[in-house]
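Asks: This is the structure, below, for whatever I ask next.
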Amino acid sequence: NLFFSGLTAMEKKLAEYKCNTNEAIQLKLVRFPEDLEDENTTFNPEYSHQVFGDDEVAFGYKGLKILLYYIAGNLSTLFRVEYTSKVNEKFDCVEADDVESKIREIIPPGFCTNTDDFVSLLEKEVNFKPFGMLLHTYSIHNEEGGEDITYQIYKADMTCPGFREYHERLQTFLMWFIETASFIDVDDERWNYFLVFEKYNKDGATLFATVGYMTVYNYYVYPDKTRPRVSQMLILPPFQGEGHGAQLLETVHRYYMSSPTVLDITAEDPSENYVKLRDFVLVKLCQDLLCFSPVKLMQGFSQEMVTEAQQKLKINKQHTRRVYEILRLRATNMGDAEESRSYRLDVKRRLIGPYKKKQRELAKMRRCLRPEEMTNQLNQIDLNLQREQLEESFQQLVSDYRRVLERLAQA
């Protein structure tokens, strides 16, 4: 048994050399030299599986720190790997993961490796200006500093000097904060880029810090229209929860609304958070349209709503339907049995669509399957289960819709 006890001791020792990469990676957006030493300015990834595998583990180090520090505006990068100890190939017969080359695969070359170089770059940051065309300026009151902070949204493209290199640095954040992130083909001219910046003061000068961005792809629709599709959207963690996502999405909608060639705006594989954000922004835009007056809402979903939302606000039919359901909820007295029943039926009729489709498919199968195969198929769709699922979906929707309406009431 000696062999086994030896093995477990070895295993135990090697287990100590495993590090969670979400904790090891330390990100910063640096404005002042003192930010480098300040723990409060550090944030960590939500995901690192795309770089370090599904376990999100780096093997071979104790006390591993992967430092990725960015200058707040132009995102010049400091990259360093630090650790207290590392396994030794000769002694431990195992090799440590090559952490550095994994990170080098996603960050563009030309980064700093020592702090002094980084700090001297920081002094040149005063020359950094946002790229492209200014679309929107807004301000948010900061409780901590007791002041109003100004933000600006720009539309940029690859012809802006320096933007291509800047975008390469910016997109590295996607890997850490979007679960299925991928880098886009920047040579395709149908991409639009929308960027959010914060204005801040440093030694009497006005500087700009990167807050977040969105990429939108312009799909061609025959014969002479486009259908912009939101691809990626990220507000950097230090700025999340302050309302920048809503400002950005609304600004992008307004930008496309003014274009006669745009049909409507869609999104690629939207996350739950994005859907909540979109609900809020679209309801905010739509609530004053005549077709959404309380009287018309109570008459049900109409073609007039679809047409007006598409023509005036570039909103597609599917999203218009959600806006209608949210605004109708607001106009409905859910304490009134008749009104609430009518609302519930209206929403469930839409939700049952996919089930009905399944039943049509089953009817087709019935005609070509043997009876014993058929019962098997039928058992999968039990009517009671269907009712339960439908009720559950409905309740979930209503609670999501209420949240949108609460946010709207505060806006």
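Sequential numbering from 1, following the chain as shown.
Glycine is treated like the rest: Cβ placed from N, Cα and C.
Reproduced below are the annotations present in TrEMBL:
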ACT_SITE  Glu268  active site, proton donor/acceptor
DOMAIN    17-179  domain 'Histone acetyl transferase HAT1 N-terminal'
DOMAIN    278-329  domain 'Histone acetyltransferase type B catalytic subunit C-terminal'
SITE      Trp191  site 'Interaction with histone H4 N-terminus'
Asks: DSSP helix, strand and coil counts for the domain 'Histone acetyltransferase type B catalytic subunit C-terminal' (278-329)?
Replies: 41 helix, 1 strand, 10 coil
Asks: Which value does the mean pLDDT take for the domain 'Histone acetyltransferase type B catalytic subunit C-terminal' (278-329) in this predicted structure?
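Replies: Summarising the domain 'Histone acetyltransferase type B catalytic subunit C-terminal' (278-329) by its mean pLDDT gives 96.
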Asks: Including all protein chains shown, what's the count of other C-beta atoms within 10 A of the C-beta of the residue listed as 'active site, proton donor/acceptor'?
Replies: 11
Asks: Using all protein chains in view, find how many other C-beta atoms are within 10 Å of the C-beta of Trp191 (site 'Interaction with histone H4 N-terminus').
Replies: 17
